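K.L.:
I am attaching a structure below and will ask some questions about it afterwards.
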Amino acid sequence: MENGKKIWTREEALALHDQPLMDLLFQAQTVHRAHFDPNKVQMSRLLSIKTGGCAEDCAYCSQSARNGSKLSASKLLEVERVLSEARKAKEAGATRYCMGAAWREPKERDMEQLVAMVEGVKALGMESCMTLGMLDDSQVFRLRDAGLDYYNHNVDTSERFYPEVITTRSFSDRIDTLNRVREAGIKVCSGGILGMGEEGEDRVDMLVTLANLEEAPDSVPINMLMPQDDTPLADLKPIDPIAFVRVIAVARIMMPTSHVRLSAGRSDMTDEMQAMCFFAGANSIFCGDTLLTADNPEDDKDMALFAKLGLKPMAAEDHMECKKKAQQEPPIPNLRPMTPPNTSVEAAE
Ligand code: SF4
């Protein structure tokens, strides 16, 4: 413990991850129920406000100019167009509106428009989130003063595996941006992508990094790689679904009050796999039929799945209730595996 916050060791996290699946799922569901209504899922909508032509070289991304993508670069969308999409998202049940731009970092000339977008989304009564790449102090303060609630900046993977995926900015650059955002009082959204060729241990190391940040991210998006044509990861085989579910469960246990978001990759998941992820503690999704440039299930497909599972969209007030409850309750005792680890996840992949 450090200032009342649990600091996870790699060994503890690996022991959680490698325990028999039924024990892991039971523990994750127990933690989930202590902090959230297990039948409610937070809904976010993501809009690409500036697509393609990015200077970074993220190997999974079709928006990188360095990956030889055929995607042409667009300009930053007009504020009114963004707000008109936000209104539609609100009508469809989204409580948080996320705006993503394919940039290394925003330029000064873009800031006024970005500030107007945040103010406009807030005026609609929605939570606002942006993902714009790296930010300096002045940009962070301007976005915070405009009312930005969340900033997304994924660590993507473990520090060890990171250079295999991205070379144009470092793992520590990402952590610096996350710290800058948190210190300014904006909530952090940060997670990663599974299935990029990493080992099971890299997935666990990524969760240790996130859980041990000064404050764990409020939202933790866990993406399943959707290989994009013309990217270096185009031919990778999909991650084993059970290996994916394990990571969701470990994230839930290590970050009990965070929203664990089932993000990109849902359109390649069966209903059964998504149901297992919700049981393992995922309680947030992106709704809408596209995620930046990747496919996502359509709203009616999601609503049919929610009806089958008895899930309901989480209102923003429910979120606050859960946080209050979490603060009143003592931490969950005995987070150690219930039986000694005797399975190897890697062997199952
Ligand atoms: S993931 Fe973001 S930063 Fe990386 S290449 Fe794509 S748009 Fe650029």
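In case you wondered, yes, glycine gets a Cβ from its N, Cα and C as well.
The feature [4Fe-4S] cluster binding site is assigned by TrEMBL to Cys54, Cys58, Cys61. Annotation source TrEMBL lists [2Fe-2S] cluster binding site at Cys98, Cys129, Cys189, Arg261. Here TrEMBL flags 317-327 as compositional bias 'Basic and acidic residues'. The compositional bias 'Pro residues' annotation in TrEMBL covers 330-340. Annotated domain 'Radical SAM core' per TrEMBL: 39-266, in sequence order. Per TrEMBL, region 'Disordered' is recorded for 317-349.
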K.L.:
I'd like the Cβ neighbour count for Arg261 ([2Fe-2S] cluster binding site), meaning other Cβ atoms within 10 Å of its Cβ, all protein chains included.
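P.N.:
Around the Cβ of Arg261 ([2Fe-2S] cluster binding site), 24 other Cβ atoms lie within 10 Å.
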K.L.:
Can you list which of the binding-site residues Cys54, Cys58, Cys61, Cys189 have their Cβ under 6 Å from some atom of ligand 1?
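P.N.:
Close enough to ligand 1 are Cys54, Cys58, Cys61.
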K.L.:
Cβ within 8 Å of the [4Fe-4S] cluster site's Cβ centroid: which residues qualify beyond Cys54, Cys58, Cys61?
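P.N.:
In sequence order, the nearby non-listed residues are Glu56, Asp57, Tyr60, Ser62, Gln63, Ser64, Asn67, Ala102.
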K.L.:
Restricting attention to the domain 'Radical SAM core' (39-266), give the mean pLDDT.
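P.N.:
That stretch averages a pLDDT of 94.
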K.L.:
Provide, as an integer number of angstrom, the distance between the C-alpha atoms of Cys98 ([2Fe-2S] cluster binding site) and Cys61 ([4Fe-4S] cluster binding site).
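P.N.:
So the Cα of Cys61 ([4Fe-4S] cluster binding site) lies 18 Å away from that of Cys98 ([2Fe-2S] cluster binding site).
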K.L.:
Do you know which of the binding-site residues Cys54, Cys129, Cys189 has the most other C-beta atoms within 10 angstroms of its C-beta?
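P.N.:
Result of the Cβ crowding comparison: Cys189.
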